[in-house]
Ligand SMILES: Nc1ncnc2c1ncn2[C@@H]1O[C@H](COP(=O)(O)O)[C@@H](OP(=O)(O)O)[C@H]1O
Ligand SMILES: [Mg+2]
Ligand SMILES: [Mg+2]
Ligand SMILES: [Mg+2]
């Protein structure tokens, strides 16, 4: 892959000379393009463009469209390499006869974005199916695998709240790049007063839409989603250990993360501020930017986490100086395939706070056994 594709703004950072500079540039372009498709769809989503998967989670034309567009950009960035991508969506429902109308609508959407944003020739329905199917890799500890959640927080997307396009790059078992496109997130700090409005995806300001990115060893950054190549700002987690000032974040949906359990952990740890409840990996972005101090996720015991729900967010938090572990304090291991087998839940926080939250979670878990 040639090395001259890094945006000019990167010269100001450690990124232009970084090992995976051109891959990061491609990832940012892919996420930005997919985010544009999502923004178009969110305003005009109709019920016929949603389907419920077996686990009752929704999938929309935008999930499929974003996955195909990310694969298209990555493939084009390096046509000589066979793309290995571990992505959430598959083509099964689209190639079934009942999926014909949805496939036609997705192809039309992709082609309008490609024509307007890239001046590119239209894709056929078969091309679109092929791009979506590139996401079927099993990942693993060797070589390079892109890790994609085309829309994380589909419930938030459908409900006009927060969502994120999430792309990571796994190299020999380590997530070395992460990019999050967050079209509904205010660029300014999400403070105590506007937390609820931001969670709902509503903001009084025009400055909405953020791109978070990180390169292992070269830091974490944020830029406006609309002009990500011109202004990058380095970000870091909060430097504060006072639990009285700490705010924690968790899923908007209690079925994704047990709100009563996190409330008990917060109480045990001395956290008194109410939680900020938001959909998607936007929460990892907010932690990395210092808007909130703690992220907790405690799904039902039977739930198995997937790597695309955490890969990009995790490297961004770590490069912003934060710590991300499961409920037994182990780092998350993204090299085991499509699943992220971990113990109990996920806790992310600055190092000065992480230990106390982990101890509190273990105490609450112990008391419930
Ligand atoms: N019962 C469950 N428990 C925990 N997580 C779940 C879940 N059902 C779905 N999820 C996952 O939670 C993700 C959203 O996380 P959050 O709650 O932070 O918004 C979903 O991502 P998708 O929206 O990409 O499907 C999905 O993978
Ligand atoms: Mg989903
Ligand atoms: Mg997800
Ligand atoms: Mg998703």
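Glycine is no exception: its Cβ is also placed from the backbone N, Cα and C atoms.
Caution: TrEMBL annotation is automatic and unverified by curators.
Keep in mind the model is a prediction, meaning the values are calculated, not measured.
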May I ask you to find which of 88, 89, 240, 250 TrEMBL records for the Mg(2+) site already listed with 149, 151, 152, 309?
88
Quick one: which residues besides 88, 149, 151, 152, 309 have a Cβ within 8 Å of the Mg(2+) site's Cβ centroid, in sequence order?
63, 148, 150, 153, 154, 164, 166, 280, 281, 306, 308
Most Cβ neighbours inside 10 Å, all chains, among the binding-site residues 149, 152, 309:
149
Just the binding-site residues from 149, 151, 309 whose C-beta lies under 6 Å from any atom of ligand 4, please, or none if there are none.
149, 151
Near ligand 3, meaning Cβ under 6 Å from any of its atoms: which of the binding-site residues 149, 151, 152 fit that description?
149, 152
